[in-house]
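Asker: Can you keep this structure in mind? I'll have questions shortly.
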Amino acid sequence: MATKSCELVLCFFVFFVISFSAISVSAQTCDNTTGTFIPNSPYDKNRRLILSTLASNVTAQEGYFIGSIGIAPDQVFATGMCAPGSERDVCSLCIRSTSESLLQSCLDQADAFFWSGEETLCLVRYANRPFSGLLVMDPLGAIFNTGELNTNQTVFDIEWNNLTSSMIAGITSSSSGGNNSSKYYSDDIALVPDFKNISALMQCTPDVSSEDCNTCLRQNVVDYDNCCRGHQGGVMSRPNCFFRWEVYPFSGAIDQINLPKSPPPSVTSPSPIANITKNDSRISGGKIAAIVVVTVVTIILVVLGFVISNRRKQKQEMDLPTESVQFDLKTIESATSNFSERNKLGKGGFGEVYKGMLMNGTEIAVKRLSKTSGQGEVEFKNEVVVVAKLQHINLVRLLGFSLQGEEKLLVYEFVSNKSLDYFLFDPTKRNQLDWTMRRNIIGGITRGILYLHQDSRLKIIHRDLKASNILLDADMNPKIADFGMARIFGVDQTVANTGRVVGTFGYMSPEYVTHGQFSMKSDVYSFGVLILEIISGKKNSSFYQMDGLVNNLVTYVWKLWENKSLHELLDPFINQDFTSEEVIRYIHIGLLCVQENPADRPTMSTIHQMLTNSSITLPVPLPPGFFFRNGPGSNPGQSNSKSFACSVDEATITDVNPR
């Protein structure tokens, strides 16, 4: 009896080893037809950056991630995917090793992909052009097992054709919803009489349509049949689809396949693998490795621990977009010297900003959300959602984010010259801003807002335009920053209302403060205030004496308009390289932007035309909103002409301080 028990245990162990023995197939496909890049160029740095963060993004996004980084022509698009059901750590390891293999194999190709499988199947792809939703059939990666079938080919073909056809039909007719790795995935097994089991796996990237997935997989099967019929297995891979079959179970599929009742196959070593080159692509391939056999108890414990950990993590995670890049917290801590004081750039309403440097030499600015700010989580999520979809030279570029434990971090490009208010309102630094520079700054801000309102994929209202949210690069070009308050509008939407007024006093439009109503014209009002501040070098929140009365900047400029003395507004630090007509025209446009009625304010498109075409006749402005006038004995914080009652969230009202 004891002998039989031992035999049963031994048989189970042998079957367990056979079932989990696997072959690892790898083929880096570097496309030589879509261009090359210079090593260590901006494109190469962006490529390395997005691939270095791909593993954390894939594991955070249900096993599938697609996104981009940089601005054309150095923009890099990338995607990563693991087979459904892959353990988080296994998936992460596969993506990391696959990315590293691509970096080592494709030294200067601007487009490459790699389906790799050891403990699981995973895909990594990058390109210099958008590819989401596009079916790409070239190049083809092909590998076949050199071992011969040595069976009745006719009988085998019937089973093989039935298996592949049913798998394709099943994938494309009953795909799961959403963009995740299980959308187009199938693995199955078939028994060939008097032969071994056929194990097969098929997968498409979830961004393509079911029709495109069908086309891609069918072509993979046809290509295998044309090149490799009669062999004991093989792989056909394209950028959007993958097909593999073997005469033994293999990684990426073994956990999902239900083995039919049949005699266990004989234990034989897999035959060598051959590589095929097609469509001017370079394929390196073929490595064989055995998966370490672990006990059933260990597997149960690992799976149980993973499920518990994953459930806890899901409760903490926020629904963030797949366009953005997720950084590991340790990477950010290392880049900022663990958020040291000497790296601190400034402090805002919801946290602090630090300068950092990544391992590849890229300088970054890290916005660290305050752990005590309950409202800040909403703004954090909002900023990632909004900025991830934007690409413009006059908008600060979001490189990614980190969301681990209590830490919520936004990673931006580093803009070297701080913010506009750092220069504009400093009595010694503002003399660096001559008229040409101020005019260029106004023009850049105009183009940035116009992109948000009209030219981007989304219609976005910033809601917090102010001098401290305009960053200046090394050439003093403006970049609009801080999208925590921004809102996305529908295509036909023009106005929205909120019960929670956020922003900065002095820049907020009257209808927003009094009624919570905001629109593109709210941003226009803020932009008008910015124009007046840039030309005068004065803060709108300060108070100015005129005719024995106390005025804010907008009211002060309006009185200058009425007295036909707008030239008095000009900052005395501006040099003589300007014409009074041009400066007065800019002030005139600023007054048009701050008119009380939103309908009277021009759109950003019209403003851009007014600024760039001096032949356009400007309409006469009407009195501004928040027309502010106090007697010398009055409290400057109270208006004699109008009073406003509103509920304003104090945590969202920010001071105008350098960042």
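For all residues, glycine too, the Cβ spot is worked out from N, Cα and C.
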Asker: Among Asn279, Asn563, Asn613, find the residue to which Swiss-Prot assigns the annotation N-linked glycosylation site.
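Answerer: Matching Asn279, Asn563, Asn613 against Swiss-Prot annotations yields Asn279.
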Asker: Looking at Asn275, Asn417, Asn540, which one is marked N-linked glycosylation site in Swiss-Prot?
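Answerer: In Swiss-Prot, Asn275 carries the N-linked glycosylation site label; others show none in the record.
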Asker: Pick from Asn197, Asn360: which does Swiss-Prot describe as N-linked glycosylation site?
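Answerer: Asn197, according to Swiss-Prot.
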Asker: Taking only the Cα atoms, work out how far Thr504 (phosphothreonine) lies from Asp464 (active site, proton acceptor), in Å, as a whole number.
Answerer: 7
Asker: For Asp464 (active site, proton acceptor), just count the other CB atoms lying within 10 A of its CB, please.
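Answerer: Asp464 (active site, proton acceptor): 24 neighbouring Cβ atoms within 10 Å.
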Asker: So what pLDDT does the topological domain 'Extracellular' (28-287) average out to?
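Answerer: Mean model confidence (pLDDT) across the topological domain 'Extracellular' (28-287) is 78.
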Asker: About how far apart, in whole Å, are the alpha carbons (Cα) of Ser468 (phosphoserine) and Tyr412 (phosphotyrosine)?
Answerer: 16
Asker: In three-state terms from DSSP, label Thr504 (phosphothreonine) for me.
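Answerer: Reduced to three states, the DSSP call for Thr504 (phosphothreonine) is coil.
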Asker: Measuring Cα to Cα, how many angstrom lie between Asp464 (active site, proton acceptor) and Tyr412 (phosphotyrosine)?
Answerer: 18
Asker: What does DSSP call Asp464 (active site, proton acceptor) in the simple three-state scheme?
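Answerer: The three-state answer is coil.
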Asker: Hey, what's the Cβ neighbour count for Tyr412 (phosphotyrosine) at 10 Å?
Answerer: 22
